[in-house]
């Protein structure tokens, strides 16, 4: 086992604080509408230019192991805020730096670290409760666009396109961000339910110019097994032919004789038909087949519930206005499902999202929810170069997370004002002893840090602005982009309450742990590896007599 170096008390805390400050100083330069850029070297290709706090934090590794521990802990603050709300990483980093600096000063002055932590925790709980009171619902498109704009560093085009996407697919819809091919941002929306399985045979294509199979007013046969024997299907095919409607078959697979017969019938015009594999695998496939059944008002033909293909009738089939199949995807438009059944299925999936702890499962459930409730929107980010594309895409993703958070928990005045206004919640707050009171007081100073940093980045004097904002009330604050004071909500400067709350909770949680640190342990630096020299070979002098 490698030897370890241990640092105790102030010696360790000083090193840790140095690491905290290096990372936080690099990240906080990006905060606010006049935040500066950070350039990051890449091992290949052009350097990355970014104003995204979490991208900066991820790149920082320090040579000194003890300083690096401090930097990594603050990086964890940014990651926690990002995981919880998807944005607010820079605010969380600025808050953590302020709390750690103030806290370690108090520890050096002889305060009890555990009581300081309890004071910080009390004040955090009170401020979070006040932020919830300050928050206002965010439902209209204009407010959503404003939140997106602020999060994307005052880029109106990003805020507007996110608001438009949310309006089209509702708050439950899936919005994905991709790299575009032009200079302008583009939005495309997929109507209805789309899943990533295409036609099983190109002979189903009936629109050769666009290479798609399009079925108008089709019936849908949903089968939870492989179909290889055409005889099983004859009764249902005859019934569909009599009804004179097209048929879409969604099954685990359609192969051999069954597929060949369907193709021949389709080409001869006896039954207009197309077949596609069911999406997903295993239990997820069964769930997605059931989703399609609910959406189209059909029944999944499954032996588990005592249904077989031979006994299938038209009553078991789903209905839709139109189905479009291409090589990769199938889209079902305007399914004829009963609204109450669809709503019930949606609430069931929401419940599963709340119960699962797996990020992968959560993502897949969110996709299913979107397909049932709203649809899927794709934002294609346009830019003039690859470097700009990466930077812009990161900002669009941040803005998207921020707008989702705003819809979820409402909005508060932006620009660091909400945290300053929430100070009234801890005006009369008292701890159990003097050291806890110091913990409460240091958080009171620390929550001003984001406003101070925004002002500093815009080239103004932080103390003057903070005093003037404190003298005001309600939504009164400072617009760093224009240098004006006024109502932040009216000026369109909004922050999602969830982002501000998550940033404060993540910062005070990690900072409290750092304040209560008494010992730090790290591997001893390997001097030989650093020198890279060859070992001493002096003992080989007696080899001269060898032949």
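Cβ coordinates are placed from backbone N, Cα and C, and glycine is handled just like the others.
According to Swiss-Prot, the feature ATP binding site maps to 30-33, 51, 87-91, 415, 479-481, 495. Mapped onto three states, the DSSP output places residue 51 (ATP binding site) in coil.
Ranking the binding-site residues 32, 88, 415 by how many Cβ atoms sit within 10 Å of each one's Cβ puts 88 at the top. Reduced to three states, the DSSP call for residue 495 (ATP binding site) is strand.
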